[in-house]
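**Q** I'd like to ask some things about the structure below.
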Amino acid sequence: FVRSEPAAAGPETPHGSAAGGAVDLRELLAVSVLAATRGGEEVKRVREGNVLNAKAKGKTREGADEQLTTGDLLSNRRMFYLLKSAFPAVQINSEERVDTADQETVPWDRSIPEDIKQKIQPKEVPAESVTVWIDPLDATQEYTEDLRQYVTTMVCVAVNGKPVIGVIHKPFSSYTAWAMVDGGSNIKARSSYNEKTPRIIVSRSHAGKVEQVARQTFGNKTVIIPAGGAGYKVLALLDVPEKNQEEADVYIHVTYIKKWDICAGNAVLRALGGHMTTLTGEEISYTGSDGNEGGLIASINMNHKALIEKLPDLEKTSHK
């Protein structure tokens with residue numbers, strides 16, 4: 001878990017990045033999209049070269065191995081240093097450790113893609129209010145199993161703890177979704193949902209834990225969709241033009257989860273009018289610790305409060 005330290009300002013410091021100054025969220029969105037894409041290139045290259053060098057970096061709370069691959073590390077280095085070079089005053093939290101002996105300068109030419117220019121207006125916020133969360137390879141377990149559809153790279157920007165920019169990139173199809181709260185997006189919500197018998201997308205490892213309670217709550221016709229990767233699961237709630245992207249109505253996670261896994265999806269849902277909260281309906285703050293203890297439930301164009309009230313039993317398992 002990495003917290004970058006703000007850099008001292010100097011004559012060559014990029015605009016909007018001096019310590020104590022302001023940053024333009026439109027510029028930060030543009031470089032976040034580029035970072036997710038560049039990281040995705042590393043993820044794809046390593047997987048296609050079959051040189052993963054996978055190893056366990058620790059255990060989850062459930063006792064499963066947490067995998068680390070060359071793809072994670074190279075993607076992380078590319079994403080971290082691109083964002084750090086462009087916005088040295090902004091705090092960057094990354095899933096993987098950055099080796100200070102392996103620093104590199106990844107320049108950004110400060111160009112903003114046309115679709116972002118057309119939809120997003122410049123908006124400055126104090127640099128000290130911004131926290132960037134990087135997930136350089138979401139669904140590492142599935143990555144090692146060559147289940148490529150679940151893999152994403154993600155960047156999230158939080159302002160005063162609230163997620164306002166989300167970027168979710170799928171390296172193996174080159175699809176990128178981005179959104180900014182009170183700004184714009186290149187993705188939409190789907191037009192139809194089934195609130196009575198929803199399709200619930202859950203982690204592959206937690207499907208059994210959720211299924212029994214979900215069927216008791218919503219009925220036996222409820223469809224449980226096991227899937228990998230928090231980014232993939234959020235995209236399942238949206239209108240994604242990908243033939244191998246499953247569709248769901250609700251995303252539920254019943255155990256502890258890291259904030260870099262969920263921040264980008266939370267921002268995208270917020271920008272589109274959706275919700276991602278703990279299982280008891282509390283908003284998730286993206287400052288402080290790197291973990292979310294209360295599980296999560298995510299939805300869009302549904303009565304989110306009613307969903308929470310239907311699932312009281314799941315919260316009991318979220319701290320295990």
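Glycine is no exception: its Cβ is also placed from the backbone N, Cα and C atoms.
Curation does not apply to TrEMBL; its annotations are automatic.
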**Q** Pick from 1-20, 41-60, 201-220: which stretch is listed in TrEMBL under region 'Disordered'?
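**A** Of the candidate stretches, TrEMBL labels 1-20 as region 'Disordered'.
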**Q** Taking Asp135, Asp138 as the binding-site residues to compare, which has the smallest set of other Cβ atoms within 10 Å?
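**A** Lowest Cβ count within 10 Å among the binding-site residues (Asp135, Asp138) is Asp138.
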**Q** Within 10 angstroms of the C-beta of Glu95 (Mg(2+) binding site), what count of other C-beta atoms is obtained when all protein chains are considered?
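**A** I get 23 for this one.
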**Q** Specify the count of other C-beta atoms within 10 Å of the C-beta of Asp261 (Mg(2+) binding site).
**A** 26
**Q** Can you tell me how many other Cβ atoms are located within 10 Å of the Cβ belonging to Leu137 (Mg(2+) binding site)?
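**A** For Leu137 (Mg(2+) binding site), the 10 Å Cβ neighbour count is 30.
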**Q** Can you give me the residues near the recorded Mg(2+) site, meaning same chain, not Glu95, Asp135, Leu137, Asp138, Asp261 themselves, Cβ no more than 8 Å from the center of the site's Cβ atoms?
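**A** Result: Ile134, Pro136, Ala139, Thr140, Thr152, Thr153, Met154, Ala230, Gly231, Lys258, Trp260.
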